[in-house]
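Pulled from TrEMBL, these are the features on record:
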REGION    1-72  region 'Disordered'
COMPBIAS  13-22  compositional bias 'Acidic residues'
COMPBIAS  24-34  compositional bias 'Basic and acidic residues'
COMPBIAS  62-72  compositional bias 'Polar residues'
REGION    127-161  region 'Disordered'
COMPBIAS  133-146  compositional bias 'Basic and acidic residues'
DOMAIN    181-562  domain 'Amino acid transporter transmembrane'
TRANSMEM  188-206  transmembrane segment
TRANSMEM  212-232  transmembrane segment
TRANSMEM  259-279  transmembrane segment
TRANSMEM  291-314  transmembrane segment
TRANSMEM  326-347  transmembrane segment
TRANSMEM  367-389  transmembrane segment
TRANSMEM  401-424  transmembrane segment
TRANSMEM  484-507  transmembrane segment
TRANSMEM  514-532  transmembrane segment
TRANSMEM  538-563  transmembrane segment
Amino acid sequence: MKNSVSDRSFLIESDEEDEATAVEDGKRGGHGGEEWGDEDGGSGSDSSSPCDSPRVVAARCSQPSSYTQQWPQSYRQSIDMYSSVHSPNLSFLGTPSLSRLSNSFLTNSFRGKPPEIISSLIKPLLPTSTAPTRDEQQQQQEDVRKSSHYLPPSRKASSLQRIPEDHRPIVGGHEVGPYRQCSYFQGVMNGVNVLCGVGILSTPYAVKQGGWLGLVILAVLGALAWYTGILLRRCLDSKEGLETYPDIGHAAFGTAGRIIISIILYMELYACCIEYLILESDNLSKLFPNAHLTIGSLTLDSHVLFAILTALVVMPTTWLRDLSCLSFVSAGGVIASIVIVSCLFWVGLVDHVGTVKSEGTALNLPGIPIAIGLYGYCYSGHGVFPNIYSSLKKRNQFPAVLFTCIVLSTVLFAGAAIMGYIMFGESTESQFTLNLPPNLVASKIAVWTTVTNPITKYALTMTPLALSLEELLPPNQQTYPNIVMLRSALVVSSLIVALSVPFFGLVMSLVGSFLTMFVAYILPCACFLAILRSKVTWYQVVLCVFIIAVGLCCAGVGTYSSLSKIIQQYQ
């Protein structure tokens, strides 16, 4: 093992523990040993390895991990759309091949197939006249074994063989691919794209709620988010076969842990979709305040009208079979965040908009719980961090990648928070775009960028939840009409909630307090202590217990305050 300063810190295991883990993995001849070799810059293959035999490789590959055989099996593939970008390929669920499969678009029939069958489905564009050599076959089998999208057997595993080859489902860009393909820069961009979402719009409102000193909470939560992200990496490296956050929960607390963590993650994604609809409604009604629709005696104001129109626009995108087209476009979320913050600075510094009579409050204790939830929501990316870690070419770069992601995101969050509150003071809205003067070019760019970005991300955010529910359907019910009805029902339900609770900042604070605190702070520490309890040091235990205690307090106080203010809005 390479010796480095980070290897000797309290965040990561000591060199002796690394060597012990590497020796243990080497004895198993498993995947873990190859990961250590890759971290050291090696190719992960050794002439003395038992993997030299293609038969041994196929046998090992055909043995699925016990952590990925239970619900949700589609989590890895659906979340991979957040952590990697693929070229567009537009097609809908209702294709002949999918109708014959009576299946979801992630082609669950690939589950459990040995490398020979999977390789036979991945054919070159032009046929080759020469047969592959044994070394080439071995390399192909090794590539398949390293694929991050290799799935364990399922109850529909045998269905693929019954389908004619010309009707088999298309292998999408995020279904079969190299296990590690992201460079350092790509990993950083994927991470920032995940973190810099709609939460950045409410950071000035968070300063209004908690005061200037509340920005310390933002910095502290960012540092703790980096540390808990490292803990997730430690958990993934602790056992062979762990790939996702639900897998970590399974290894730590069994099936119950896997289900509970999955439900929390899906609730967070569903809440994000609700936020998208509220955001669209607020910003479009600002652009077109006089818009309304009268149907008989029923009149829909601009907020309700634009919420419904947004749901109608995004609903067909949830029917897409291959979401790589949306994944490709939504990768511009990093650029969108930079554009929005730049427009805010332009309006304030160049157009000289916003004159605050008072300097603001240094510390507003009653508003701190709301601020904690808003700041916490900004770091709700831990459900994707394991996928980013698995996609890196050099996994030992993950701490640096994660650190860079969080630093860049925090700079954007703090910049928007400081500038927005300086400009608008106590009149700051839950989204600073609502405070921007509508007649300025920079304001229009910021608002339209804010409106456009969620349109591309809604389906990507809702699809993981939809796929998990599709898994629960009986095989004979996984037909095209049922899938469309299920996904449409999810969109309609999110619309109903958005219309019932149209309070962007308060809903975000509720999600950040209740869900994000568990996903980003409490559960990583709890899983780390449960999985590596025999290797953790006393100061790691103290720090993890401290983070859990702080997370629970923030979750309790923030959730209570958010719910109380939401109830007050109806009184």
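Keep in mind that glycine also has a Cβ here, set from the backbone N, Cα and C atoms.
No curator has checked TrEMBL annotations; they are predicted automatically.
Predicted, not measured: the structure shown is a model, and the values here were computed from it.
With respect to Cβ pairs under 8 Å, the transmembrane segment (367-389) is most closely packed against 514-532, considering the stretches 259-279, 484-507, 514-532. Ranked by Cβ pairs under 8 Å to the transmembrane segment (484-507), the stretches 212-232, 259-279, 401-424, 514-532 are led by 259-279.
Long-range neighbours of the transmembrane segment (401-424) within the same chain, counting only residues 6 or more positions beyond its ends whose Cβ lies under 8 Å from a Cβ of the stretch, are 184, 187-188, 191-192, 194-196, 199-201, 203-208, 215, 218-219, 222, 225-226, 229-230, 337-338, 340-341, 344-345, 347-348, 353-354, 356, 360, 375, 378-379, 381, 385, 388, 392, 432, 435. Within its own chain, the transmembrane segment (538-563) has Cβ neighbours under 8 Å at 10, 224, 227-228, 231, 369-370, 372-373, 376, 506-507, 509-510, 512-514, 517-518, 521-522, 525-526, 528-529, counting only residues six or more beyond its boundaries. Outside the transmembrane segment (188-206), and at least 6 residues removed from its termini, the chain residues within Cβ reach (under 8 Å) are 82-85, 182, 214, 218, 272, 275-276, 279, 330-331, 333-334, 337, 340-341, 370-371, 374-375, 377-381, 384-385, 388, 391, 401-402, 404-406, 408-409, 412-414, 416-417, 419-421, 423-424, 428-433, 450, 454, 457, 504-505, 508, 512. The stretch in closest packing with the transmembrane segment (259-279), judged by the count of Cβ pairs under 8 Å and taken from 212-232, 291-314, 514-532, is 514-532.
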